[in-house]
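Here's the feature list from Swiss-Prot:
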ACT_SITE  99  active site, acyl-thioester intermediate
ACT_SITE  392  active site, proton acceptor
ACT_SITE  422  active site, proton acceptor
């Protein structure tokens, strides 16, 4: 085990997460159809500030992320500062780590607090799969640049005449990895086959996720962390995630056809997370600053770790690489955790990671460790459901998971929680949080 790495300031202050909030998550082209991610981000941050009761001028830094970026607002963080009543002098910058984006935002704010650069910051992320940057072909893009430099009408017409009809077709955002050309679902299929994960196991995990999420909503467990969002022109509202299947039936999952390997596959739309819109944010401070302001933190950030692996095989095993590092840096073992929350990009990816957590062979051959970190107690795992049920606005998921885990730890009287996620590009993230 590596030496523990405490997350404290030079004065010994811990990193406090004072509050967290998100919009309800909505499936693509439903409740938030036509609403860009920047507006979803403003909505979540504005309500977070209002609920906390803190003077917006006290926020010294905002770090926010967006995976599917819009060209007209490339720095979503700064737009949120300018649109939510914060001081114009509040520092703001944007980050992107694919599905682990808000994990990165939280880590960056934590590091700024530890360095003494700031004492109060906000971290989070927002994404919209309903408002997308529809592009143009490379041929048309090049022609438009050349046309802009052409001096005469005849020169411009000559440039346009070289284009073919297909060059005029709009180009949607890529769904495949830039480096490999593989879709996430292709990797999930590979992992299912390589690790012997059956269709039945995947469907069972998806069914479990929806059942637990539906139960959480029915019992009112999420109301303190999910706001009501009013949708322009403000005649309608959304108060709950609209992807959760309250009538989930295991038998219904078997009816769906594979979505990626249509002949021999097992990954379906039902055992994968859907395209989703939403935003989430957390308010962070040094422990002493929270006390000065009379604020009671939800909990504290104990450790974090990021990992990077090969993209050609098992690309979504990031949690299995990042989690051991986060545990080491927290000075704890897997058995010390009260809760474990893993991002469910796909049921196949989730189950593969659970297998690797318990695999001595994986630990020895891939991690250089003598033994596995251990088998996950499913009574601790994704106890309120996961991303398959809630949905996955890419940049918002990490902040959702952190906030949700802290609230559940508080309900259980405290303890330690792991939140971990895979991400495109072979990346992984893991964070340990603590509630007293």
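Including glycine, each Cβ sits where the backbone N, Cα and C put it.
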Give the number of CB atoms, excluding that of residue 422 (active site, proton acceptor) itself, located within 10 Å of its CB.
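Neighbour count, Cβ to Cβ under the 10 Å cut-off: 36.
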Distance between the residue listed as 'active site, acyl-thioester intermediate' and residue 392 (active site, proton acceptor) at the Cα atoms, whole Å?
8
Given the active-site residues 99, 392, which one's Cβ is surrounded by the fewest other Cβ atoms within 10 Å?
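Output over active-site residues 99, 392: least Cβ neighbours within 10 Å is 392.
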Between the Cα atoms of residue 392 (active site, proton acceptor) and residue 422 (active site, proton acceptor), find the distance and write it as a whole number of Å.
12
According to DSSP, does residue 392 (active site, proton acceptor) fall in a helix, a strand, or coil?
strand
